[in-house]
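*Asks:* Structure provided below as structure tokens; questions to follow.
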Amino acid sequence: MTPSLMRSAAQLVRRRSYSAALGHPERKVAILGAAGGIGQPLALLMKLNPLVSSLSLYDIAGTPGVAADVSHINTPALVKGFMGDDQLGEALEGADVVIIPAGVPRKPGMTRDDLFNINAGIVKNLSAAIAKYCPNALVNMISNPVNSTVPIAAEVFKKAGTYDEKRLFGVTTLDVVRAKTFYAGKANVPVTDVNVPVVGGHAGITILPLFSQATPATNALSHEDIKALTKRTQDGGTEVVEAKAGKGSATLSMAYAGAVFADACLKGLNGVPDIVECSYVQSTVTELPFFASKVRLGKNGVEEVLGLGELSDFEKEGLENLKGELKSSIEKGIKFANAN
């Protein structure tokens, strides 16, 4: 083959393998629950992501309208809407990343535990479909209570023989987003420069922001300030539910956080080095089978689950206090998944 023909063949292969204008591998992202309060803004944000070549929007109702609306945005991702059980397989087929915000939102007075029976059933059914149609996808679980829904998905995947702990994530990024915002405001530092690891789980006291490891570091915060920031981070969801006075929960900030984490997953899949985010995953960092901590992402999902680092005495106490509740939530999810 002549050099010019070899170059032409190589260019053709590249065009087939990569999204034409952007030079990125073609990636399909599926959003399950795309017509909901989180799903719609999440669909918008993923349509804007240049790493997405195909965006699959699924829900039990209303998806064609959301898909039509989002599809008019002049970015390269091709959008398709799917609705109802009979279209779920097509929505999932070939997906690289599946994001699950499906389920009912919190209402005033509801705890994440109150959501359990409804959302657990939804997650169980969707996980079974993922195991069947896209078993190698990275699964980003947003549906609450995440402390239980991630173990439910794991059990479903185990039964189907498709479980890979490197590919299942509980999205706890909103806790990190809140911790960064609240810390920056109190420490009077630029929020765009701030990083705060958040470990544990994704509900109440199981959320443990590690402000002792926050960057940039500051001496401006007292112990009482740290306690107050920790409590506010843990109660961030309730703060929004109460502020919306019964008319919604944290949908916009959650959609943003979900988009941030999905972007990190896509970058990892594409081989971008040193992508580190906090996530709730199968873990040996503590004695608990699932735990949120910093995770290095790569071409197979989780490349490395990172340790907790040095904790303050306040954080050590918080870690011990959260273990009982998190253990109970994990066991509840496993029991539900194996009940029938």
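Note: Cβ is positioned from N, Cα and C throughout, glycine not excepted.
Here's the feature list from TrEMBL:
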DOMAIN    28-170  domain 'Lactate/malate dehydrogenase N-terminal'
BINDING   G33, A34, A35, G36, G37, I38, G39, D59, N119, I142, S143, N144, M254  NAD(+) binding site
BINDING   R106, R112, N144, R178  substrate binding site
DOMAIN    172-336  domain 'Lactate/malate dehydrogenase C-terminal'
ACT_SITE  H202  active site, proton acceptor
*Asks:* What does the structure give for the C-alpha distance between N144 (substrate binding site) and A35 (NAD(+) binding site)? Integer Å is fine.
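*Replies:* Approximately 17 Å lies between the Cα of N144 (substrate binding site) and that of A35 (NAD(+) binding site).
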*Asks:* Looking only at the domain 'Lactate/malate dehydrogenase N-terminal' (28-170), how are its residues distributed among DSSP helix, strand and coil?
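*Replies:* Across the domain 'Lactate/malate dehydrogenase N-terminal' (28-170), DSSP assigns the residues as follows: 66 helix, 28 strand, 49 coil.
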*Asks:* Would you pick out, from the binding-site residues G37, G39, the residue whose Cβ has the largest number of other Cβ atoms within 10 Å?
*Replies:* G39
*Asks:* In whole Å, how far does the CA atom of H202 (active site, proton acceptor) lie from that of S143 (NAD(+) binding site)?
*Replies:* 11
*Asks:* So which one is it: of the recorded positions R178, H202, which has the fewest other Cβ atoms within 10 Å?
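*Replies:* With the recorded positions R178, H202, fewest surrounding Cβ atoms within 10 Å: R178.
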*Asks:* Measure from the Cβ of N144 (substrate binding site) and count the other Cβ atoms within 10 Å, all protein chains considered.
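*Replies:* Step by step: centre on the Cβ of N144 (substrate binding site), count other Cβ atoms within 10 Å, giving 28.
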*Asks:* Of all the binding-site residues given, N119, S143, which residue's CB has the most CB neighbours within 10 A?
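*Replies:* Highest number of other Cβ atoms within 10 Å: S143.
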*Asks:* Would you count the other CB atoms within 10 A of the CB of M254 (NAD(+) binding site), including those on all shown protein chains?
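*Replies:* The answer is 24 other Cβ atoms.
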*Asks:* For G33 (NAD(+) binding site), write down the residues of its own chain that are at least 6 apart in sequence and whose Cβ falls under 8 Å from its Cβ; none is a fine answer.
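*Replies:* Result: G39, Y58, D59, I100, P101, A102, G103, S143.
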*Asks:* Given the binding-site residues A35, G37, N119, M254, which one's Cα is the least distant from that of R178 (substrate binding site)?
*Replies:* M254
